[in-house]
């Protein structure tokens, strides 16, 4: 074994080092590269693949043959103390440890010229413990600091890029830690996922995602619309009775809650201050919210689609991660139990999905199942059409009914009927599972999602048609405020029905299943119905933001309350799903349904409102204009008269106001979607072929092992005397002799492999 003085200074041979660098001779030992390659014990996994690209940071000199050498000093016993200690305890000879020390020095030599990002990545990929990696990083930094300053200087561009990269990584890590620290309900979500699986967890993840979405909408509308209006708001002289919380009328009519309260004049900041155009602020704020929502939905869909459909690791189902990996940083008893429950649930989901994929039906069973599915779809479609017709006739006669009944509570009739339909019909659809009997639970959830979204969004479409063609054209005073009140009542009634269903309906179902009809047992969480409730309420919020700017705040509060209500009800009244299944792709489906047809329908409704309908003449920021969009036209005409703002006019005329631009943008999005889909299909085929290849290779190896065992048995039977002396010698030698014999045999094997294949 090398002494401390011998390992402190090592010279590594490097070829093709540019000349012109000052040399620093030393009396240290010169280790040729061939010795490093032929070492029998490899301490670094990929030393031979690392090239010293920037050798100017080392001191070097030329020998007589023209070769150049790098010089540095590093105490290897400080760098790899555990490795050296383990080598000594195993009884290995000194040359092996010296080779380990030399290879450690070569690793440091290869890490010094790397950039910070490459160095961190290389150290992270080393097969070492965390303590050894930290020591390695410290020693590399120490050796780098010992080099002369003029050698360590980079050119200005490279140094600037390094600084920017380092600052970006630090800021990214800081933001990630900040977001993780303020992230809502992390522990609660882990408990839900461990007990009920990823399918139920996907609903709560979607609810949390919508909550963050509405927080952003509220911050934007509150900052640019509500606060400026509050600076010049007049005192409300209407009396507050408390019924306004249910009807949304009365006292709330003359507040910042509704469109009709906002002024159409410019808000002045003092006598000589700048003015704030409320018309432009109102329409630009709503437009900016819709644009941000559009790109956020697209980005979220692309991210979840890439993670859940394109990445190859999802098709392997993470079996290796589940079985062979354990987070040893988890030491708390409750955290360990929660981690074990999560792992067991994931393994159960994977095994259940593998078992369901292998189920094959006969032709007769397929025909019976197809007939059942067809009958269920015919019945569900007929019920949906009947509900939509009932809502349409009720909405058409609602104005006459309100005119004949002056009771303030009569305005709740339409929201009450709509909420009853939204509560009863999804439960009716859930009964079809008794007839359809899907083998894959995912297919059952998808079918329920389609039926529920057809029902709920058809009702929303009928209501939008009623508002645009009846309420807006009826000549009512401030029809925008009336529509805002209708949407507020629908949203509030839906929230009340959801709370009632969670506290009473699900609780009564638990009592019936546990005490009265024990054969029913506890119910399972209906993912499709609960997710469609969130999509329905979010659709109303998007439509109503134009008419009621405070709706995002109301939705934010309802989502916050619903999370705790649903969590308590889930733990008390529900049991885990009888058929476990992975729901890694459900978030992609949820966001896609939120984007289409929900958000696209909202865009169509607001586009018709802004471009085709005439604003009220006596209220709102757009009073006196023929159309809502006329405020933009007048603003563009004003800017066109100033040369400094001609670029804004060009952007509006060629991008925002151009049909061709949106056509090209839509075409690009469709092409990217098609390419992603093709990549997904190609990777599925590739992974299936690789799985088959792995299975075939395993069979080949088993066949060869069986043949090898048979040959060994035949040799032992043919010459049994050849094996007895060797076995006797091995038994008489102690444990140390056995280790030396194994080490020598391993050394011979590695050298023979390297001679046959130098690259290996």
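Using the three backbone atoms N, Cα and C, a Cβ is placed for every residue, glycine included.
What TrEMBL says about a protein is an automatic prediction, not a curated fact.
Feature annotations, courtesy of TrEMBL:
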type	residues	note
DOMAIN	478-584	domain 'TMC'
TRANSMEM	209-230	transmembrane segment
TRANSMEM	280-299	transmembrane segment
TRANSMEM	374-395	transmembrane segment
TRANSMEM	407-425	transmembrane segment
TRANSMEM	445-468	transmembrane segment
TRANSMEM	540-565	transmembrane segment
TRANSMEM	586-611	transmembrane segment
TRANSMEM	655-677	transmembrane segment
| Positions whose Cβ lies under 8 angstroms from the transmembrane segment (209-230), at least six residues beyond its ends | 184, 256, 261-263, 267, 276, 278, 281-282, 284-286, 288-289, 292-293, 296, 300, 534, 538, 541, 545, 549-550, 552-553, 555-556, 559-560, 563, 587, 591
| task | For the domain 'TMC' (478-584), jot down how many residues DSSP puts in helix, in strand and in coil. | result | 79 helix, 4 strand, 24 coil
| remark: When pLDDT is averaged across the domain 'TMC' (478-584), the result is 89
| query | At least three Cβ pairs under 8 Å linking the transmembrane segment (540-565) and the transmembrane segment (280-299), pairs spaced 6 or more in sequence? | reply | yes
| task | Output the single range from 280-299, 407-425, 445-468, 655-677 maximising the number of Cβ pairs under 8 Å to the transmembrane segment (586-611). | result | 445-468
| query | What stretch in 280-299, 407-425, 445-468, 655-677 has the biggest tally of Cβ pairs under 8 Å against the transmembrane segment (374-395)? | reply | 445-468
| query | Which bits of the chain, at least 6 residues beyond where the transmembrane segment (445-468) starts or stops, bring a Cβ under 8 A of a Cβ in it? | reply | 199, 380-381, 384, 387-388, 391-392, 395-396, 398, 418, 421-422, 425-426, 429-430, 432, 436, 438, 483, 486, 490, 526-529, 531-532, 535-536, 539-540, 543, 586, 589, 593, 597-598, 601, 605, 608-609, 613
| field | For the transmembrane segment (280-299), distant same-chain residues with Cβ under 8 A (at least six beyond the ends) | value | 213, 216-217, 220-221, 224-225, 228, 262, 542, 545-546, 591, 594-595, 599, 602-603, 606, 610, 621-622, 628-629, 631-632, 635, 669
